[in-house]
Amino acid sequence: SVGFKAGVKEYKLTYYTPEYKTKDTDILAAFRVTPQPGVPPEEAGAAVAAESSTGTWTTVWTDGLTSLDRYKGRCYHIEPVPGEEDQFIAYVAYPLXLFEEGSVTNMLTSIVGNVFGFKALRALRLEDXRIPTSYIKTFQGPPHGIQVERDKLNKYGRPLLGCTIKPKLGLSAKNYGRAVYECLRGGLDFTKDDENVNSQPFMRWRDRFLFCAEALXKAQAETGEIKGHYLNATAGTCEEMYKRAIFARELGAPIVMHDYLTGGFTANTSLAHYCRDNGLLLHIHRAMHAVIDRQKNHGMHFRVLAKALRMSGGDHIHAGTVVGKLEGERDITLGFVDLLRDDFIEKDRSRGIYFTQDWVSLPGVLPVASGGIHVWHMPALTEIFGDDSVLQFGGGTLGHPWGNAPGAVANRVALEACVQARNEGRDLAAEGNEIIRXASKXSPELAAACEVWKEIRFNFKAVDTL
């Protein structure tokens with residue numbers, strides 16, 4: 001009989017369409033799918049496409065009230081993952097009309113919403129997504145971007161230097177401001193609130209902002225350089241977050257900070273708009289990212305979170321170090337670093353980039369290398385990250401035996417030496433240690449730092465592999 005037929009049918013009949021030609025306006029996603037035993041990969045891929053777009057588990061008569069062909073997600077290609085028995089990469093295309101303009105929140109709710117709890121799958125991971133230019137154009141993106149930031153700070157031709165103030169919790173506002181002043185006075189460009197410094201009983205946010213502003217003004221007057229401190233505006237409500245950002249602007253601070261995953265994309269996008277409207281730079285910390293991106297077969301790869309952040313807005317974002325104490329495999333890290341900085345990125349599976357991405361001049365984001373790095377890493381960091389980056393040494397500045405300012409001096413001298421050596425055409429990878437040693441002859445601060453950290457190694461295998 002014609003008409004409506006109730007019951008359960010296989011997803012692949014509707015949602016697996018290998019003959020589909022993707023459109024320039026489609027959002028494309030590459031999922032790593034691990035089906036339950038007995039579930040064919042086509043069915044698993046189709047289930048992902050269905051459950052993250054128009055499908056549900058049974059046939060419903062209201063399907064007849066719309067055009068599924070126009071709105072459904074489609075699994076258009078499946079390939080086995082080399083070296084893994086039961087894993088497949090399923091490529092899904094979503095029509096643009098499924099997403100609200102300018103909302104990272106809505107995009108993620110659709111693509112990585114309910115479907116990750118789906119029973120027919122043992123595990124599911126979103127490896128990469130291709131955002132069409134027409135959708136990117138609905139986002140403001142980073143408040144300022146790399147070039148505007150350099151112009152604001154008047155710093156060119158080298159990476160920027162930062163330092164997270166430690167101990168991360170427990171200092172009073174006055175002592176905190178003192179530590180900030182010493183680091184900036186010694187030669188750093190930025191100091192940073194730790195991601196969990198918000199407004200706790202031992203140091204309320206307003207007091208911290210005031211003492212940090214004093215430190216900035218003093219260090220700028222003495223060095224003749226523009227200085228910044230990432231004032232963490234993250235708060236329990238958006239209203240409170242705005243209050244902090246407004247106060248930072250009133251103090252004349254150049255930059256504020258936000259924890260974009262714990263704070264949420266809605267709050268982050270609001271703050272990014274405020275920052276562009278009011279001339280504040282926005283530093284983004286990725287606290288909680290490893291909860292989402294650490295497992296190889298389930299969750300979301302950081303490159304997706306990085307793309308989402310560039311759309312939502314931020315001028316700096318933490319991106320691993322390749323050499324320090326936290327995650328990062330070199331090629332994969334550089335893959336998403338390029339996704340953050342460049343205007344156009346070619347598909348390159350060896351770096352984990354599944355799709356060619358065109359950002360249509362959306363401003364870029366500076367990657368921040370932070371976590372367990374010290375002066376001996378400087379040549380490698382300069383070579384790996386290049387000029388458009390922020391190198392952040394927390395313990396690697398404050399752990400200096402003579403104090404914060406000498407620690408900052410050591411880092412600045414090491415950086416300038418590496419940049420000069422690179423500009424002279426020397427090979428930083430091969431001659432790095434020699435370059436640092438030569439520079440330490442003329443700088444007692446650097447010599448002392450070299451002595452302290454000469455034996456430190458973090459010898460663990462990288463978890464983030466292809």
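Easy rule for this one: first residue shown is 1, then count along the chain.
Just so it is clear, glycine is given a Cβ too, placed from its N, Cα and C backbone atoms.
Lifted from Swiss-Prot, the feature list:
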ACT_SITE  Lys166  active site, proton acceptor
ACT_SITE  His285  active site, proton acceptor
BINDING   Asn114, Thr164, Lys168, Arg286, His318, Ser370  substrate binding site
BINDING   Lys192, Asp194, Glu195  Mg(2+) binding site
MOD_RES   Lys5  N6,N6,N6-trimethyllysine
MOD_RES   Lys192  N6-carboxylysine
SITE      Lys325  site 'Transition state stabilizer'
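Positions of Swiss-Prot features highlighted on the structure.
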residue: Asn114; record: substrate binding site; contacts (Cβ under 8 Å, 6+ apart): Glu51, Ser52
residue: Thr164; record: substrate binding site; contacts (Cβ under 8 Å, 6+ apart): Thr191, Lys192, Asp193, Asp194, Ser370, Gln392, Gly394
residue: Lys166; record: active site, proton acceptor; contacts (Cβ under 8 Å, 6+ apart): Asp194, Gly394, Gly395, Leu398
residue: Lys168; record: substrate binding site; contacts (Cβ under 8 Å, 6+ apart): Asp194, Asn196, Val197
residue: Glu195; record: Mg(2+) binding site; contacts (Cβ under 8 Å, 6+ apart): Asn232, Thr234, Asp259, His285, Ala287
residue: Arg286; record: substrate binding site; contacts (Cβ under 8 Å, 6+ apart): Asp259, Tyr260, Leu261, Phe302, Leu305, Leu309, Ile317, His318
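Counting Cβ atoms from all protein chains shown, Lys192 (Mg(2+) binding site) has 29 others lying within 10 Å of its own Cβ. For Asp194 (Mg(2+) binding site), the Cβ neighbour count at a 10 Å cut-off comes to 18, with all displayed protein chains included. Each of the recorded positions His285, His318, Ser370 was assessed for Cβ neighbours inside 10 Å, and the highest tally belongs to His285.
The full span of the recorded substrate binding residues, Asn114, Thr164, Lys168, Arg286, His318, Ser370, taken as their largest Cα to Cα distance, is 37 Å.
Those same-chain residues not listed among Lys192, Asp194, Glu195 yet with C-beta within 8 angstroms of the centroid of the Mg(2+) site C-beta atoms are Thr164, Ile165, Lys168, Asp193, Asn196, Val197, Tyr230, Asn232, Met257, His285.
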